[in-house]
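S.K.: These came from Swiss-Prot, pasted as-is:
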type     : residues                                       : note
BINDING  : G345, D346, P347, S348, V349, A350, K351, S352 : ATP binding site
COMPBIAS : 693-702                                        : compositional bias 'Basic and acidic residues'
DOMAIN   : 295-502                                        : domain 'MCM'
REGION   : 662-738                                        : region 'Disordered'
MOTIF    : 477-480                                        : motif 'Arginine finger'
Amino acid sequence: MAAVTELDDQEMREAQREYLDFLDDEEDQGIYQSKVRDMISENQYRLIVNINDLRRKNEKRASLLMNNAFEGLIAFQRALKDFVASIDGTYAKQYEDFYIGLEGSFGSKHVTPRTLTSRFLSSVVCVEGIVTKCSLVRPKVVRSVHYCPATKKTIERKYTDLTSLEAFPSSAVYPTKDEENNPLETEYGLSIYKDHQTITIQEMPEKAPAGQLPRSVDIILDDDLVDKVKPGDRVQVIGTYRCLPSKQNGYTSASFRTILIACNVIQMSKEVTPVFSADDLAKIKKFSKSHSKDVFEQLSRSLAPSIHGHSYIKKAILCMLLGGVEKVLDNGTRIRGDINVLLIGDPSVAKSQLLRYVLFTAPRAIPTTGRGSSGVGLTAAVTTDQETGERRLEAGAMVLADRGVVCIDEFDKMSDMDRTAIHEVMEQGRVTIAKAGIHARLNARCSVLAAANPVYGRYDQYKTPMENIGLQDSLLSRFDLLFIMLDQMDPEHDREISDHVLRMHRYRSAGEQDGDALPLGSAVDILATEDPNVTSEEQQELQVYEKHDSLLHGVKKRREKVLSMEFMRKYIHVAKIFKPVLTQEAASFIAEEYTRLRNQDQMSTDVARTSPVTARSLETLIRLSTAHAKVRMSKTVQLQDAEAALELVQYAYFKKVLEKEKKRRRREGESDTEEEQTQPDGEGKKRRKKRRAQDGESHDPYEFSDTEDETPVVHTPKTPVNGQEEMETDSSAKPGLSGDRLKAFKSALLDAFKAAHAQSIAMAAMMEAINKNNDSPFSQAEVKAALELMEEANHIMVSDNIVFLI
């Protein structure tokens, strides 16, 4: 037995010497010597070693390390400590241990949780998966120091368990007495502890076989590896595979629990902060200066280029990705800078595709669905820890997306209780939990991009937007912009969409030949921690524009160049850093337009609001103006930014409503009807208006006058509503009062109410006010006819010669 132990020690010393030779490569390229010096300067104690370098220099030792990991890693770490001591002796004494992390090509040992079988026990493996669960970080004792007051001596004891690399676990009991039964005092300040965390990673859904549930494996993280990952991250974990015996009734059972003791964790998810070179920044600066007039149009057009149309929605999503400026006042009040957008519309209008594009573009984005997530799943949940049985908090999607975007699809399918759970997050940017003895406040400063279908499945144009949307005002007011996306029957528009979609389906990437069958399975798996193709791509210079492809981009137009996604991502990242300040001109414009928005539909008869205009709408205008200024990389918010924000808001806030066709008796002969049908379109509309005016029917506030007898084709307003009102003609004009005169009367009456600063005005005062400075004054008959019409439309009420504004 002694001979075997001596042989093991000799082998260990031999392995340690070979590893030391590998690290001391000053005569060769000096890679690892410089790495160790960098590690010392950064105050780290884990060295990342590429297994390919060890394989190239000492193939036998690399093979032994891969297949007999525990002894190999212990020898490697001892060699590292000796090498650090030879470079900097004082630094080597600061830490109890130095650690080795591995990377490189693992070949057959590059596995998923499903293919991690018993033949890999005691080997180094690389496992890919998605982190599903993270435990709390707890301290674990490594060495305890005890002092005996009677003998004035100190005793040290080291502790190891089955999650350590050492072969034999030690006793976990603290000594309380020495050999002579003298009591001992534990010196906690001199004892050494290490951080300890358990995570669970699950097989990636794209790697799992069809029709089978993904499998998972437990990972042990120690020291500097703790808190490197969070739930939802895609990771590669390199470590040693070990089994832990489980006891039943005092006896070790034949079934074992397996764990992976990690020595390195590599993130596979996209980087939150892209890497910038000086050339990249120069290109971004040059682009913003050379396209100073149309930079907003250019960027929004390059957003989701595979989706045709929806230009206003793309502009809103661009503003959402940039966000406004968050303000925290001295008294603790927080004014949010995140922009929330809600898309409501018919099926198949590319709502989910827009959400998916944001997931690929935004630096941090978390996807959820309405039925697949609960209120606590979105905010935070109180769960029971499996190891200790304690209650603890688990972060939900919105907490994980802090400073990012949450994309919620099928928003209308969520229950009301779950929807109310996100009220606080959307306005305050935090989650407050007070349950099960836990009171906590978590940051959730994220933008919300939600997509929903209308109440009736499809949008009913004969009902108001509020009836179609079916969400509470308290929730709608928290969305900065609400877009109604309609699937309209327009032959020209349908032709453009079909041409665009067919081109997408005909497109093939550069490596494919025409006529070749596309592979059904996934691409070839790279059995290494680094993809060699990715490194070559990173060395290429940043392309500002996508290379033009006739199938992807259609007929080449000089002005319609599409920016590359990588350039978009970097441009957005740089633009977000700016914090523009409102100028006086922009501030006064926003204040004036906000008051106009509040009074917009008092006199308008053909549009309805999609969401309530509250004080939050004023903040919306400020946030959108700031985002537009960020696109220009400006330090101030100018008037043009405020005008662009107003255009977006007016497009999103107002929606036209149709009135269903009413069956009326024919009051004219058959010959008149035939005459009408043969009339040109414009004359026919005039005649219908005239006939309706003679009938003197009551006028509905949400009524279209010129589309009563036709199939409704409703377009969402693309110009500010003020312009639309001027184009509309009122069909309810009585004989002797034209539509223009009625409109002029309404405008004059509204001005009179504003001047009086009151909700009621006497008839005599009203007559004087509307005819003051008027080139064509209103007669008594005209005023009477106009008041009757407005009273029928529920705009005003006349009583005792006093006009009341309703």
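Glycine is treated like the rest: Cβ placed from N, Cα and C.
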S.K.: What count of other C-beta atoms do you get within 10 angstroms of the C-beta of S348 (ATP binding site), across all chains shown?
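M.R.: S348 (ATP binding site) is surrounded by 9 other Cβ atoms within 10 Å.
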S.K.: Could you put numbers on the helix, strand and coil content of the motif 'Arginine finger' (477-480), residue by residue per DSSP?
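M.R.: Across the motif 'Arginine finger' (477-480), the residues distribute as 0 helix, 0 strand, 4 coil.
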S.K.: Return the residue, from the listed binding-site residues D346, K351, with the maximum count of other C-beta atoms within 10 angstroms of its C-beta.
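M.R.: Result for the most crowded candidate: K351.
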S.K.: Taking 8 Å from the centroid of the Cβ atoms of G345, D346, P347, S348, V349, A350, K351, S352 as the cut-off, which other residues in that chain fall inside it around the ATP site?
M.R.: A451, M485, D487
S.K.: What is the total of other Cβ atoms whose distance to the Cβ of P347 (ATP binding site) is within 10 Å?
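M.R.: Neighbour count, Cβ to Cβ under the 10 Å cut-off: 11.
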S.K.: Using Cβ-Cβ distances, find the residues under 8 Å from A350 (ATP binding site) that belong to the same chain and are at least 6 apart in sequence, listing them in sequence order.
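M.R.: Those within reach of A350 (ATP binding site), by Cβ under 8 Å and sequence separation of 6 or more, are A304, I307, H310, M485.
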S.K.: Among all the protein chains here, how many other CB atoms are within 10 A of the CB of V349 (ATP binding site)?
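M.R.: There are 22 of them.
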S.K.: Determine the minimum-neighbour residue: among G345, S352, listed as binding-site residues, which Cβ has the fewest other Cβ atoms within 10 angstroms?
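M.R.: Output over binding-site residues G345, S352: least Cβ neighbours within 10 Å is S352.
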S.K.: Could you give the mean pLDDT over the domain 'MCM' (295-502), rounded to a whole number?
M.R.: 82
S.K.: Could you tell me which three-state DSSP class K351 (ATP binding site) falls into?
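M.R.: Note: K351 (ATP binding site) is helical by DSSP.
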